[in-house]
Amino acid sequence: MIPLTSELVAIGKTATDKADAIAQAVDLLTAAGKIDPRYGQSMMGREAVANTFLGNGIAIPHGLPQDRDLIHDTAIAVVQLPAGVEWAPGDTARLVVAIAAKSDEHLQVLSNLTDVLGDEAEAERLATTLDAAVIVARLTGAAAPVAAPAETPADFAQGIDVVVTGAHGLHARPATTLVDLAKGFAAEIRIRNGAKVANGKSLISLLNLGAAQGAALRISAEGADATAALAAIAAAFEAGLEDEEDTGAAAPEAATPGLTGAGASMASYEGRTLVGISSSPGYALAPVFRFARDEVVFDTDAADAAFETDRLDTALQTAWHELEELHDEVWKTSGPARAAIFRAHQEFLHDPEMVAEAKALIGQGRSAGFAWHRVFSDRADMLGAMKDAVLSGRAIDLRDAGQRVLQHLGRVRTGETHLPTAPCILLADDLTPSDTARLDPALVRGLATAQGGPTSHTSIIARALDIPAVAGVGPRLLDLATGTPVLLDGGAGVIVVAPTEADKARAETAMAALTAQRELEARERYKPALTVDGARVEVVANISDVAEAIASVEAGAEGVGLLRTEFLFVNREAPPGEDEQLAIYAAMLSALNGLPIIIRTLDVGGDKEIPYLRMPVEQNPFLGERGIRFCLSHEDLFRTQLRAIYRASAGGQVRIMFPMIAMIEELETARRIAEEVRLEVGAAPVEIGIMIEIPSAVMMAPELAKRVDFFSIGTNDLTQYALAMDRMHPVLAKQADGLHPAVLRLIDSTVRAAEAARIWVGACGGIAGDPVGAAVLSGLGVRELSVSIPAVAGIKAQLRHSAMAENRDLARRALACTTAAEVRGLK
């Protein structure tokens, strides 16, 4: 307890402003020999980054932790201001309690102050008394209330024990973190420190505990999500409760890039926040630029139908060639998967019904521009209104392709500059593939869209270009005017409007830390992912072509966990032959130089179409002829691919994987065909596995495991099939989270079935490359994580700094959660 005498209490003072009030308190402390006068500057420095107004007319100015060497002797000084002084907008301080504490001796003073915060009459008495002894007695605890104390609430039945580790106890900042966390759960939470019990959702109540370093707290909870709440709180205490005075200046996000869930970050930012979905991690500070497409105007009518028809044909042909050039450019810079969308756009331009309908309108006296605009707009509107999310999502592609033709049929009327010419954060309702292909990463520091989700085209491009991005922010995003300064936190899915200097400093610190972290990860990328307690997790890469095979090795991948062979079949007029496929597989094996590769057989259907294969139009393509079903119904393609794979297997460690297995019969048929092909080419046996991405496969996993060498869990499809949510859906994308407990329980069942059959389990998909997901999956027993190439080094580093025992405990607690948000709150 800090001794307080009347000499350090100034009664009946006035102050012109907050700085004057603090200066008077500093004078008292300096005159008493308690501090160096420069500590006053530290107190003002604290005010620049935090509000020290407690409430009920009481403020507690104190210095920054790095300036404690300016404190000679721990002390407090009180300046009474009966007339008050504005401390912050809307807050008037009448009792200024200046604290100069070397450690946690001041906690009892804070505890006594919290009693006053809940008693307006007592606060008024202290702000107007003419006797300094009254204030001294109240702050030192000598004037305890006379009334009999109320009965202390009992602990709830379910609880945990934690210890306060912070050097300065449970002071305001860590207590605020704890309150914010507790409020995220419906359960009632109580925290006991000896005889005192606090409401875990009340800052005042928590401060009243007076919990110093080393205090043993009993935390109990009651309610439907009590187990999850206690698990999250235990993890928060273990992590230090975001106490900057003990953990240093680095922002929490710098340690875990890629986390979605904006709650923790929002609580830390002072500026107004807009919340969306994390699309690409990282930070950006820049003015916004509102993306606007050029407007094309055209005449409604035209007299010469033949001339207008020729204009339409020429515009269609010109647009087709533009798309061809754009396809080739994107292929070179971003790979075939990114370029494939432009082939689809070319198909729109060849649609015979659209062209015929437009020409019919021209024959009725309409201009080519009017006719084409009417036709593609009507069809886009029809697509956008469809209930099927895949089809409705095509509307933006059709409008993009249609607009490309239209610009050759009318006059371009430019409003805003089409693309930015200075560094900015680009805002848009959504971006088409054509838009994103033209972005200059040197100027676009960040991306934010009102629509979309983490698997939208914009998000995929942002990650490929390493641009921080937030999607699905909503219409209010577009209320921001060009030039508005913002901070974009891609990992948290947050945009901070007009960030304060403290927000900017925090982001700049985090950016510097993130850069340093990535540089360290890059230097250590070839180290194995061996946990601190000796468990090995292999981190491999998802690839689509030879260039990515080379890049995966350079990135530190320990092999390829998923080769998407679809890229061999797209952007061409006929399927590749056996020798062509063999040459490509052999080139990949050469690039991997002995590292293993899992080759997934052709996986088309659903949202992956190949025009020349004449795939049937299905009402529900995701529930139709997908994956292995397509291969079994096109056995000639399947056998050709298997022959190429088996022939290539002589040159390296090849494993074969069948996609979208739903039933035992599918697997047995696929294995029979594969064995027939192997014997035909005279190849040695290779490991054969299946993807677990359909709930029926999970339920049949014990039987399936007896028939394969490994499982690979496709978390993206498993999530959408388990939750009945298309991960591309503009509304449901936010909820289609692979860390939902329902999905995790399916994964847990799969792993246990595999372990019983003594086969290994890998995972690919979004959560394998997510920091929380990697920890949970490894804790569940997944032994191989296949991630995007840019994520390899970071996931390996994270696993090297973790303990498998802790990951198993995290996984156990995650399985007990009821929502994805609870799971993400565990770590």
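Each residue, glycine too, has its Cβ placed from N, Cα and C.
Going by Swiss-Prot, these are the annotated features:
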DOMAIN    2-142  domain 'PTS EIIA type-2'
MOD_RES   His62  phosphohistidine
ACT_SITE  His62  active site, tele-phosphohistidine intermediate
MOD_RES   His171  phosphohistidine
ACT_SITE  His171  active site, pros-phosphohistidine intermediate
MOD_RES   His457  phosphohistidine
ACT_SITE  His457  active site, tele-phosphohistidine intermediate
BINDING   Arg564, Arg600, Asn716, Asp717, Arg727  phosphoenolpyruvate binding site
BINDING   Glu693, Asp717  Mg(2+) binding site
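Distribution of Swiss-Prot features across the structure.
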residue: His62; record: phosphohistidine; Cβ neighbours (10 Å): 21
residue: Arg564; record: phosphoenolpyruvate binding site; Cβ neighbours (10 Å): 20
residue: Arg600; record: phosphoenolpyruvate binding site; Cβ neighbours (10 Å): 25
residue: Glu693; record: Mg(2+) binding site; Cβ neighbours (10 Å): 28
residue: Asn716; record: phosphoenolpyruvate binding site; Cβ neighbours (10 Å): 18
residue: Asp717; record: phosphoenolpyruvate binding site; Cβ neighbours (10 Å): 22
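Across the structure, Asn716 (phosphoenolpyruvate binding site) and Glu693 (Mg(2+) binding site) are spaced 8 Å apart at their Cα atoms.
In terms of DSSP secondary structure, the domain 'PTS EIIA type-2' (2-142) contains 63 helix, 34 strand, 44 coil. Rounded to a whole number, the distance between the Cα atoms of Glu693 (Mg(2+) binding site) and Arg564 (phosphoenolpyruvate binding site) is 15 Å.
Cα distances from Glu693 (Mg(2+) binding site) to the recorded positions His62, Arg600, Asp717 are smallest for Asp717. Distance from the CA of His62 (phosphohistidine) to the CA of Asp717 (phosphoenolpyruvate binding site) is 53 Å.
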